[in-house]
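Enquirer: This is the feature table in TrEMBL:
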- 16-288: domain 'Homogentisate 1,2-dioxygenase N-terminal' (DOMAIN)
- 289-443: domain 'Homogentisate 1,2-dioxygenase C-terminal' (DOMAIN)
- His301: active site, proton acceptor (ACT_SITE)
- His344, Glu350, His380: Fe cation binding site (BINDING)
Amino acid sequence: MSPKSSSHFPSDDSDYLSGFGNNLSSEAIAGALPHGQNSPLVCPLGLYAEQISGTSFTAPRKLNQRSWLYRIKPSVTHEPFKPRVPKHDKLVSEFSQVNSAVNPTQIRWKPVDIPEEPTDFVDGLYSVCGAGSSFLRHGFAIHMYTANKSMDNCAFCNADGDFLIVPQKGRLWITTECGKLQVCPGEIVILPQGFRFSVDLPDGPSRGYVAEVFGTHFQLPDLGPIGANGLASARDFLSPKASFERESRPGYTIIQKFGGELFTAKQDFSPFNVVAWHGNYVPYKYDLSKFCPYNTVLVDHGDPSINTVLTAPTDKPGVALLDFVIFPPRWLVAEHTFRPPYYHRNCMSEFMGLIHGGYEAKADGFLPGGASLHSCMTPHGPDTKTYEATIAQGNDAAPHRIRDTMAFMFESCLMPRICPWALESPSVDHDYYQCWIGLKSHFINTAENTGLQNNGCTDAE
Ligand SMILES: [Fe+2]
């Protein structure tokens, strides 16, 4: 691909459209959008009208998502899809005993090395774990990517679900049918199901995390008693403005992920030929530093749900197919309280990653670019060093500001199966369990000291 200057990829917030779930509209050429209807007999500028639906046509209005794209040639103008050669054998969209395993052990991965050989975003993407099925429209997959080169004369389209990408190293310059986005580490981007996009890597070696959800879309969490403001603000979500390529692109390849398998189709033009669009089904990004965290101000550690940025819901109220939760810089002020996360077992499963800095519950071993998986009902919590250091501070700990960190969690109600290459990866930290083995008993048996034993029964007389 020819080198692109940064001027093609907007860096200023004002270069984007602001809002979450809004009905937006954008014209790269004034007058390109039809007025009064979506599909005129002849569209302005001779463009083709094309709808992309993110929900079924009959979804309730408050959930319905679709956009109208006005493009130089319609997406259908391509040769038949064929299985991609070479096959990509590390993408899973239907987790089963055939392609993945279950393992309740706490698992931690060290950062995976970025390959030396030329690798683009698609080839560098690999599934780690997940549950459910894209075919049945219920489930999720967690992927990671390590890559070092831009996609060349091709675009990716994920028919299976929405991608939530968390770059950890290296910026992403993402061209979409709705326009261009620059996404830096510390930001996230959502690429909804079906949108064609291409990823350039201006910084070369790049690494990151991807959550994929099947059959639903991310939404802002309800705020309940917090009120009308706080956590992620709708106005801080940014969508691209329309931009288009009109040049002929012989041999251009559309790579379609469909049921976890890759297919390719040739066409002679860029899919990024949308001159104008309107609707509420669009790619968007969010800068995690804009998150407004809430926290306990007297006692006890809040549940991590207080830091939910986005949630992909299930049909059960309050039960997420996948929550995206962050642990940003913030003050810890709780009195006579164990301030790090408490020890716990969770009916949900938790995959964590670290973008930069450290994580408050792990003194060492959990590194930027690494990951951990604590599955359903598997116990976890602070490591021994963190516990002992916290207790040593006693009750007089002053307010403390956690600085220079950004950890996150993908949390799901489904039980993840793990891909074999992730379980067998040389990055697996086989000593992870050791971080808790040193936790010693601090039990003071007062009954023993006084000669009293309580058998749990109450004497009748
Ligand atoms: Fe947890």
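Including glycine, each Cβ sits where the backbone N, Cα and C put it.
A description of the local structural setting of each listed feature is requested, covering burial, neighbours and distances.
Expert: In the predicted model, residues of the domain 'Homogentisate 1,2-dioxygenase C-terminal' (289-443) average a pLDDT of 96.
For His301 (active site, proton acceptor), the same-chain residues 6+ apart in sequence whose C-beta sits under 8 angstroms from its C-beta are Ala334, Thr337, Phe338, Arg339, Pro340, Pro341, Tyr342.
For the recorded site, His344 (Fe cation binding site), the DSSP three-state label reads strand. Taking a C-beta cut-off of under 8 Å and a sequence gap of six or more, His344 (Fe cation binding site) has these contacts in its own chain: Pro379, His380, Gly381.
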Enquirer: Around the recorded Fe cation site, report the further residues of that chain (criterion: Cβ within 8 Å of the mean position of the Cβ atoms of His344, Glu350, His380; site residues excluded), sequence-ordered.
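Expert: Checked against the 8 Å cutoff, the neighbours are Pro341, Arg345, Asn346, His374, Thr378, Pro379, Gly381.
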Enquirer: Give me the count of other Cβ atoms within 10 A of the Cβ belonging to Glu350 (Fe cation binding site).
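Expert: Result for Glu350 (Fe cation binding site): 21 neighbouring Cβ atoms inside 10 Å.
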